[in-house]
Amino acid sequence: MADLAAGVAERGPRLSLWSSLDQRLVWVVAATALLGLVMVASASISMAEQATGDPFYFFKRQIFFALLGLGMALALLQIPLATWERAGPGLLLGALALLVLVLIPGVGREVNGAVRWIPLGVFNLQVAEVVKVLLALYLAGFLVRRQQQLRTSMAAFLVPVLVSAACAFLLLLQPDFGTALMLMALAVGLLYLAGAPLWRFAALVGVLAAAAAALVVYSPYRWQRVTAFMDPWSDPFNTGFQLTQSLIAIGRGDWLGVGLGGSVQKLFYLPEAHTDFVFSVLAEELGWLGVLAVVLLFSYIVWRAMAVGWQCHRHRLPFAGYLAWAVGLALGLQAFINMGVATGLLPTKGLTLPLFSYGGSSALATGAMVGLLLRCGYELAQARAEGRRPEEAAS
């Protein structure tokens with residue numbers, strides 16, 4: 001008993017889960033989500049009234065989705081990260097199974113020529129959103145298991161690349177080029193942060209860039225999007241319609257915006273105003289100051305994720321470190337791509353803006369990533385409470 005008591009004392013006190021949460025991160029995420037709800041209500045009001053007779057139909061559903069996302073975050077917050085680390089290979093198989101399942105006729109639902117959703121009654125599950133989370137968990141576990149070989153073995157370097165490429169290939173069959181590109185970028189980013197040799201990293205980036213270019217050039221649909229991106233005003237009522245309407249919305253907003261609810265572009269001019277282009281409506285109604293606020297909110301979330309990841313590695317919590325980095329990269333990449341598309345910096349991709357865009361799948365996936373990030377922060381705080389010193393100090 002004395003030895004047991006001594007061991008407990010040596011490990012330090014067990015922290016309360018709720019009292020040790022990253023309070024600033026929680027408040028920033030909550031503020032971002034609340035602003036997102038307001039913008040969904042504003043951007044969808046006309047479409048909802050025309051489609052259902054209830055101007056707040058999409059807003060009410062988004063509140064439900066936000067609560068689902070909150071529930072997902074709270075549930076994952078309770079689960080030790082070691083559970084996910086052990087389950088990595090199974091999670092990967094689950095991701096691949098979902099990607100195959102959605103392609104089976106009669107299972108996946110086709111919308112606008114793409115088969116990306118599995119009907120679940122309450123909402124349609126977009127498989128890519130789930131795969132994004134499962135792949136992040138698998139990659140984090142793999143990098144922990146092969147951390148040393150990653151710097152010396154080409155096989156260890158190629159496994160995460162090939163796994164991500166397999167997921168990307170199945171996504172291209174849906175087709176979902178934007179998410180496929182994002183998953184490959186996530187894998188590349190994690191390999192770089194894990195310390196992969198620079199020449200391998202550079203070679204991989206070159207190969208992926210060439211592959212992406214080939215997919216664009218040899219696909220008339222994607223090439224049309226690129227040409228529309230390069231000069232949207234040459235065909236503003238056809239191929240360049242989405243981008244020109246988005247740019248008009250952003251231009252109308254100027255510095256202070258036209259006021260909440262005052263957007264004209266959401267009145268059936270701007271397609272997907274409450275989903276893919278909710279950022280454009282925000283820019284029109286809240287102006288560049290609103291845009292700056294959103295950019296700062298996302299910048300803080302990403303910065304915090306990367307900082308937590310770095311501290312986890314210093315305190316010898318490698319799985320938590322890689323997972324926090326994966327969450328930061330995933331949220332940051334998706335937000336950057338969505339904003340880049342809306343402002344004309346990138347070709348149209350069809351990716352949602354986390355915490356803003358309407359949709360149950362996006363809310364669940366974002367909630368899962370936030371819950372996992374908060375769990376990483378909790379286990380870091382627990383390691384500090386147990387007296388575990390950073391590597392520099394320990395040496």
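Quick reminder: no glycine exception, Cβ is built from N, Cα and C everywhere.
Feature annotation from Swiss-Prot assigns topological domain 'Cytoplasmic' to 1-24 (among others); the stated evidence is sequence analysis.
Within the chain, the transmembrane segment (25-45) has long-range Cβ neighbours (under 8 A, six or more residues past its boundaries) at 55-59, 62-63, 66, 69, 260-261, 263, 266, 273-274, 278, 281-282, 285, 293-294, 297-298, 300-301, 304, 353, 355-358, 370, 373-374, 377. The transmembrane segment annotation in Swiss-Prot covers 25-45 (among others).
Tertiary proximity for the topological domain 'Periplasmic' (46-62) is limited to same-chain residues at least six positions away from its ends with a CB under 8 Å from its CB atoms, namely 37, 40, 123, 266-268, 273-274, 358, 360, 363. Summarising the annotation, Swiss-Prot assigns topological domain 'Periplasmic' to 46-62 (among others).
Taken from Swiss-Prot, the feature transmembrane segment applies to 63-83 (among others).
Long-range contacts of the transmembrane segment (87-107) within its own chain (CB-CB distance under 8 A, at least 6 residues past either end) are made by residues 115-118, 127, 130-131, 134-135, 137-138, 140-142, 163, 166-167, 170-171, 173-174. Per Swiss-Prot, the feature transmembrane segment maps to 87-107 (among others).
Among the features that Swiss-Prot reports, topological domain 'Periplasmic' is placed at 108-116 (among others). Confidence across the topological domain 'Periplasmic' (108-116), taken as the mean pLDDT and rounded to a whole number, stands at 82.
Feature annotation from Swiss-Prot assigns transmembrane segment to 117-137 (among others); the stated evidence is sequence analysis.
Here the topological domain 'Cytoplasmic' (138-152) has Cβ contacts under 8 Å with residues 84-86, 88-89, 91-92, 95, 159-160, 163-164, 186-187, 190-191, 194-197, 318-319, 322-323, 326 of the same chain, all six or more residues outside its ends. What Swiss-Prot lists as topological domain 'Cytoplasmic' is 138-152 (among others).
Among the features that Swiss-Prot reports, transmembrane segment is placed at 153-173 (among others), with the record citing sequence analysis.
Under the heading topological domain 'Periplasmic', Swiss-Prot lists 174-178 (among others).
According to Swiss-Prot, the feature transmembrane segment maps to 179-199 (among others), an assignment based on sequence analysis.
Beyond its flanks by at least six residues, the transmembrane segment (201-221) meets 161, 172, 177, 181, 184, 188, 191-192 of its own chain at Cβ-Cβ distances under 8 Å. The transmembrane segment annotation in Swiss-Prot covers 201-221 (among others), and the record cites sequence analysis as its basis.
Annotated topological domain 'Periplasmic' per Swiss-Prot: 222-276 (among others), in sequence order.
Here Swiss-Prot flags 277-297 (among others) as transmembrane segment, drawing on sequence analysis. Below 8 angstroms of C-beta separation, residues 28, 31-32, 35-36, 39-40, 42-43, 242, 245-246, 249-250, 252-266, 270-271, 338-339, 342, 353, 356-358 of the same chain, each at least six residues beyond the ends of the transmembrane segment (277-297), sit close to that stretch.
The topological domain 'Cytoplasmic' annotation in Swiss-Prot covers 298-316 (among others) and rests on sequence analysis.
Annotation source Swiss-Prot lists transmembrane segment at 317-337 (among others).
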Proximity verdict for the transmembrane segment (179-199) and the transmembrane segment (63-83), three or more C-beta pairs under 8 Å: no
Statement: Counted with DSSP (H/G/I as helix, E/B as strand, rest coil), the topological domain 'Periplasmic' (108-116) has 0 helix, 6 strand, 3 coil
- prompt: Can you tell me how the residues of the topological domain 'Periplasmic' (338-352) break down into helix, strand and coil by DSSP?
  reply: 6 helix, 0 strand, 9 coil
Message: Within the same chain, where does the topological domain 'Periplasmic' (174-178) have neighbours whose Cβ lies under 8 angstroms from its own Cβ atoms, ignoring anything closer than 6 residues to its ends? I mean 6 or more beyond.
response: 102-103, 108, 114-116, 128, 215, 222, 337, 349-351
